[in-house]
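> Here you go, one structure.
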Amino acid sequence: MAWFQVMLFVFALLLRSPLTEGKDPDFTSLLTNQLQVQREIVNKHNELRRSVNPTGSDILKMEWSIQATTNAQKWANKCILEHSSKDDRKINIRCGENLYMSTDPTLWSTVIQSWYNENEDFVYGVGAKPNSAVGHYTQLVWYSSFKIGCGIAYCPNQDNLKYFYVCHYCPMGNNVMKKSTPYQQGTPCASCPNNCENGLCTNSCDFEDLLSNCESLKTSAGCKHELLKTKCQATCLCEDKIH
């Protein structure tokens with residue numbers, strides 16, 4: 001009988017071990033291979049993108065990306081708790097990245113809201129207030145980012161922050177030259193009057209510019225130039241789209 005009680009005690013300890021804590025229902029309900037989780041993440045992002053202040057005229061509606069999700073989950077699984085390289089989060093275009101670490105399973109909506117709340121330290125047209133970090137916010141609302149994919153991992157190798165959240169945004173935002181204006185201020189959808197859904201633009205571009213002066217190059221050299229064919233695809237192929 002005593003032996004049986006000891007075995008029950010050992011079994012109870014195993015149930016509380018770090019290797020199994022991460023598999024509890026609270027964690028598994030956050031896995032992003034579930035359609036309802038994907039919808040929660042996309043809907044929360046679009047809700048917040050609609051609510052920016054001042055309002056934006058060119059903010060794209062976000063959609064789920066399987067490719068971006070695969071990359072985000074791969075990085076989360078490494079449990080390094082730092083940003084990945086740009087190559088690790090590239091699909092056909094480069095993607096940005098937001099990270100979140102937690103001691104306990106946290107709802108995706110709560111995670112995303114925490115990124116958005118950095119707007120309290122952001123002044124449109126000026127940038128971050130002194131000694132403040134706002135990169136999560138600016139990437140979340142970046143006007144041309146429209147594909148999103150996220151992943152979550154349980155990291156027993158970490159002492160405290162055992163839950164690692166990763167979201168990839170494509171195309172990437174936080175362009176240094178535009179970081180104080182992550183979108184164009186104006187009436188919602190003013191930049192896309194014929195491609196609007198509930199205050200967000202739907203005329204997205206699947207290409208990106210790799211040079212900052214593509215518009216002037218298009219005027220001077222034209223899109224048939226070999227340089228523009230490879231470095232200015234958004235400018236040349238997405239003339240009537242947000243990019």
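Keep in mind that glycine also has a Cβ here, set from the backbone N, Cα and C atoms.
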> From the disulfide entries in Swiss-Prot, identify which of Cys205, Cys236, Cys238 pairs with Cys223.
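When Swiss-Prot is consulted, Cys223 turns out to be bridged to Cys236.
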> Pick out which of Cys192, Cys214 Swiss-Prot lists as the disulfide partner of Cys201.
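Disulfide pairing in Swiss-Prot: Cys201 with Cys192.
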> I want to verify the bond table. Which candidate from Cys189, Cys196, Cys205 sits on the other end of the disulfide that Swiss-Prot records for Cys238?
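Partner cysteine, according to Swiss-Prot: Cys205.
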> Which of these, Cys196, Cys214, shares a disulfide with Cys232 in Swiss-Prot?
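Recorded disulfide partner of Cys232 in Swiss-Prot: Cys214.
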> If you follow Swiss-Prot, the disulfide involving Cys189 connects it to which of the following: Cys170, Cys196?
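Between Cys189 and the options Cys170, Cys196, Swiss-Prot records the bond with Cys196.
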> From the DSSP assignment alone, can you count helix, strand and coil residues within the domain 'ShKT' (205-238)?
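Split into helix, strand and coil, the domain 'ShKT' (205-238) gives 19 helix, 2 strand, 13 coil.
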> For Cys223 (disulfide bond), which residues in the same chain are close in space, meaning a Cβ under 8 Å from its Cβ, but six or more apart along the sequence?
Lys229, Cys232, Thr235, Cys236
> Quick one: pull the CA-CA distance for Cys189 (disulfide bond) versus Cys201 (disulfide bond), whole Å only.
6
> In the structure shown, with every protein chain counted, which of the disulfide-bonded residues Cys189, Cys201, Cys205, Cys236, Cys238 has the densest set of Cβ atoms within 10 angstroms of its Cβ?
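The most densely surrounded of these disulfide-bonded residues is Cys201.
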> Using a Cβ-Cβ cut-off of under 8 Å, list the residues of the same chain that are 6+ residues beyond the ends of the domain 'ShKT' (205-238) and lie near it.
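Non-local partners: 92-94, 144, 171, 177.
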